[in-house]
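Asks: In case it helps, TrEMBL gives these features for our protein:
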ACT_SITE  125  active site, proton donor
ACT_SITE  265  active site
ACT_SITE  358  active site, proton donor
ACT_SITE  379  active site
BINDING   469  Ca(2+) binding site
């Protein structure tokens, strides 16, 4: 009872101060049931204190190790041994306006951080946490317009980011272009490295690598990550669904469960966000087709299920906590109604347990065995922020307040915030992921700051910001967002024997038709361009035509088809892939209406889910 009493006393004191200063009776405006504009400010300040409780705990007891053990007040190296939590928290420090600690942190990293170390690291986690953290902080520290410019800063973080990216690059040397899951920062890919990776692991690299290409004027980083997306999308099923795990050498799906959560989630996220940041229509085209397929085959209003990517048969009626990012993504896509319904369903699980378990079985309406933990994940909080920003509905402030209470009473530990090992017993585990500072408290703070009259980089800054899957802030500046005039549309090269080489606008014939209150466009997708290797030409090369070939569909322009299941046998260490014409696919122009068809309730087939990518 101590903390609610303290909050109420603070509320009364502030009320008296405001009344005295304005010489009138101050009546707070209700933003939600029990949440006033004044309480929103208090909640924002409480979240700020939560950040510093965890950040200071890390700096005092764990730094420069990767992460904090908040129960024992010790540190541990979990990813690579390079002050992971500090790097991940840099742009949160800037967002909070903490110039002193932001400056000292950037200066320490610039002087002390090195990546020439014999460490095997996750390509996915290192990219979204370390590479993304360095790039975001670089853009803030180097720009006067952000208000956080560091006078002594001389691109040290950008240099470190480029060095790190070169060390990750050997992971992309595969026949499919889809990268290995891990790479050694000193020696490259180990000869015994697994050839199986997740769809999220291979397809969630475009923002960070693409940004690095545009900051360094070196196209290689953007090329390899775009080829990885193409490699995954080319192997989609005829239903436009992708599986969870794939062999990066053969292109064979080793787990064909299609979902929006574990192992796949941020693949969808980066399709839309790469278009938003870079203005590249190829990403938008893929997202539209992928989103339409999700809403047709996975959406079982208001939940999402996992299905077989080939048959769409339900194989796993499960809510897993990583799905909770989806309503926020739908807000960005403009599909608000299903986002509201799904968020309400997901939040009902939080209300039931005080947290969201890693897995909640929709058939038994109980926590999935073996998936009872809550590792301080931000996804539901992230969607709460985006829905409040889009609707200003006070229910989302209520939700945020409940989330703060759960974290404060259930997860707060002596030196930080602890994982919850069991959402039913609220037993704590001595670990705090770096994304707690990069995302969880960041989205909570943004939520209540927005309700209080925002004054921060995101809401009032000089740019529109895109959030990476790790919550890092990437500004949509002209340097980043405007594609250079010298660049060709990737894959849009006309054969001289077929089409006159002219830089003309595409004359795509599309006939709109209304389906499920959303606008769809139909069109044939087929191509004669080779697939199955990393040889996609995507740079400004002499002799290639500029612009778009006239009269081509998106699929023809971009050279993307799908490949049937291929033989895993290889000859001369190469994979022979057969290319097939594709049937007509729908292109979704997202409206504010639901684009989904409810699925019938099929029998569930319970089984264990393979642990995979954590974000």
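From the backbone N, Cα and C atoms, a Cβ is placed for every residue, glycine too.
Annotations in TrEMBL come from automatic prediction, not curation.
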Asks: Pop the Cα-Cα gap between residue 469 (Ca(2+) binding site) and residue 379 (active site) into the table, whole Å please.
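Replies: Rounded to a whole number, the Cα-Cα distance is 9 Å.
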Asks: Here's one to test understanding: among the recorded positions 265, 358, 469, whose C-alpha is closest in space to the C-alpha of residue 125 (active site, proton donor)?
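Replies: So, spelling it out, the nearest of the recorded positions is 469.
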Asks: Round to a whole number and give the Cα-to-Cα distance in Å for the pair residue 265 (active site) and residue 358 (active site, proton donor).
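Replies: About 14 Å separates the two Cα atoms.
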Asks: Between residue 358 (active site, proton donor) and residue 469 (Ca(2+) binding site), find the distance joining the two CA atoms and give it rounded to the nearest Å.
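Replies: Here the two Cα atoms are 18 Å apart.
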Asks: Across all the protein chains here, work out how many other Cβ atoms are within 10 Å of the Cβ of residue 125 (active site, proton donor).
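Replies: Around residue 125 (active site, proton donor), other Cβ atoms within 10 Å: 22.
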Asks: Count the other Cβ atoms sitting within 10 Å of the Cβ of residue 265 (active site), across every protein chain shown.
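Replies: The answer is 26 other Cβ atoms.
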